[in-house]
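What Swiss-Prot records for 1-21 is signal peptide, and it gives sequence analysis as the kind of evidence. Marked as topological domain 'Virion surface' by Swiss-Prot: 22-732. Among the features that Swiss-Prot reports, N-linked glycosylation site is placed at 76, 163, 290, 329, 348, 395, 436, 563, 629, with the record citing sequence analysis. Under the heading region 'Involved in fusion and/or binding to host membrane', Swiss-Prot lists 108-114, 192-200. What Swiss-Prot records for 398-452, 832-857 is region 'Disordered'. Annotation comment: Swiss-Prot describes 404-416 as compositional bias 'Pro residues'. Per Swiss-Prot, region 'Hydrophobic membrane proximal region' is recorded for 678-730, 709-729. If you look up Swiss-Prot, you'll see 733-753 marked as transmembrane segment. For 754-857, the entry in Swiss-Prot reads topological domain 'Intravirion'. Residues annotated as compositional bias 'Low complexity' in Swiss-Prot: 845-857.
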């Protein structure tokens, strides 16, 4: 690492990140109080951005023990292009649709002052295929459910009415990506008309739920967004060998099945293969895909310049774009497995594009793409390249073959050193060819620009080529070691600097603006949120409004986010980073002067007020240099160190969400229909009388059952009569007729009441209507000579009539005889003498007793 780079990193860490919440929108500042930085119009890797809004990202860690690969006589360095793939841990996501019918039975108590819900019972049922067709095309369903349980068939109808076709309408939901369509969103809880009675109301709701489902490799099960689990592979079609642990008769596949979007009802979409699964309480369907729709590998990075160091037992792929060294356990490449064929097209396309960019300096000859698996579980796609300068010398050497010397001019024997050098070169070439993962490059066709094959310069060219190759490989080894050592030191420095400001360090590593934060011993890296560059303005004043002693230590910035018209305020950080806070303040100092860099400019503030703007070149730059250390180091094959395995990390979590949801769904299916909401019943006890009466009838056996049936029959008959009367009253003709009859009865009652009142007030006039006229004639003397009888005679007549009436009543009672109750009472008196009332028929005894009683008083 150069001193210039270390110094720049230290300068970048001068401002500590203050991670606070986002501010509320502010009013734009007047133009006279702001200055527009030219960095908003420049193309830079560090635009104005906000890095405090990102909450998560990719996890990285710095290696604590990095050692560089060694270079020796047995090593071979090769340049090339490298693509790195990792396991795809992102689950396979696909759309699913759930169909269900929810039957809700509510027991309503009609109280004197208020109505109460004393019980609620809810059951869910799956939907048959003939009804799912209607729900998927015209969004209609039947509002009834027919089910058979324990040999008893029951039919539930919405609103306790008749089975009709109803429409499904969109409803709201809480989960993201979930859309529901329901036929009945309101529960039927109307109480009965009779007070102090219970009434059961039924609600049937057809529900469609569109959501997402996820499944991880090896696809033994998948989970929906709402937590429903299915113990099968989403790629199972009934014929392949995918995982299937559901009931065999619950799954079927339909071809050319059509699903219409709710907004596009009436259209004819393209058919698809769709799987249907009956879970008992709901039905699931999803588009059936092949396993090839999911790629088990994910592209991580592509390195344009990579050095492959072959050590005899392993290959080290060292890149110049980061402190990365990929080690393989073998020196022979493999063919791409069939399970990973999904990346072949991407690899070929990327390698072709990268090679076209460097083909003026490198050639690949007939080299093919080779694949390696690292000890850390990564898949490497490797394309070796050869510099064109070395390829020319190599072709000349291969085209030139030694020939026997003519007798006239025998060639002198080679010295021992030369022979050793030549044999060593051949040995290294053979070892290199045996260690290469790719097929050896065949000799190229002879060119027309070369001389004869017995060229005396052949040995010299061969020696020159071997020496050149040895020197180039040694130089590449020295460069690789020096570069690796520098990266090792930089790794240690950066690891310590991330404890101070991880955002600045990771931004310098990536070469672009990123957000980073430490999570214990690892670093989370995520993208920053760019702002609208055209709206960024700097405040000219750094003084805190309303305070004479406090000033801002960093200038204020006004900005707006992209696609947002609201203006926000923050403070300018290092490398155009904007902090969503105005907490960086200090006590105002006299004659202060600050320099703040923004793009290619530096803003100068004197006495906390913008003074001028100068060019970045106006400030001198410190130059540092680190000498290259070419000392040899031994080769070390690093093993992949994993502090905690994936299974251990899963086991360390208290909440196993997969296990919880799977167990919950298993238990929920077993107890479906048995759940009751008894909170109101327990607190108020309004149905205890009904439960107690039911237990009493059950204890009586057949007698209690007969009584219950009799009461139910009578109650049902009475309820039917009342319901019929209410239905007849609701009819227009019946209601009018009943109103007319009620009006007639009211008029009749009023007439009889008046007649009775007249009878009680003037009984003689009611019995003899002409008595008033006769009295008037008698008073005027015009009528016949009729004189009224005396009052004594009238009373005698009335007394005679009364006695006659009483005598007729006694005669009727004697003729009727004693009643049953009287005879029973008389029999009891005869059996129990103590109950008899004593009668004293003897006058003397009665007189004696009366005398004794008078004496006592």
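Just so it is clear, glycine is given a Cβ too, placed from its N, Cα and C backbone atoms.
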Q) Between residue 348 (N-linked glycosylation site) and residue 290 (N-linked glycosylation site), what C-alpha distance do you get in Å? A) 23
(Q) With Cβ-Cβ distances below 8 Å as the criterion, list the same-chain residues six or more beyond the ends of the region 'Involved in fusion and/or binding to host membrane' (108-114) that contact it, or say none. (A) 189-201, 686-687
Q. Compared by Cα position, which of the glycosylation sites 76, 290, 329, 563 is the closest one to residue 163 (N-linked glycosylation site)?
A. 290
Q. Taking every protein chain shown into account, which of the glycosylation sites 76, 563 has the largest tally of Cβ atoms within 10 Å of its Cβ?
A. 76
Q. Who sits close to residue 329 (N-linked glycosylation site): which same-chain residues at least 6 apart have their Cβ under 8 Å from its Cβ?
A. 314, 373, 375
Q | Candidates 163, 290, 348: member of the glycosylation sites with the richest Cβ shell (10 Å) | A | 163
Q) Taking all residues of the topological domain 'Intravirion' (754-857) together, what is their mean pLDDT? A) 69
Q: Using DSSP reduced to three states, classify residue 290 (N-linked glycosylation site) as helix, strand or coil.
A: coil
Q. In Å, rounded, how far does the Cα of residue 76 (N-linked glycosylation site) sit from the Cα of residue 290 (N-linked glycosylation site)?
A. 43
Q) Residue counts in helix (H, G, I), strand (E, B) and coil for the region 'Involved in fusion and/or binding to host membrane' (108-114), per DSSP? A) 0 helix, 3 strand, 4 coil
(Q) DSSP on the region 'Hydrophobic membrane proximal region' (709-729): how many residues come out helix, how many strand, how many coil? (A) 21 helix, 0 strand, 0 coil
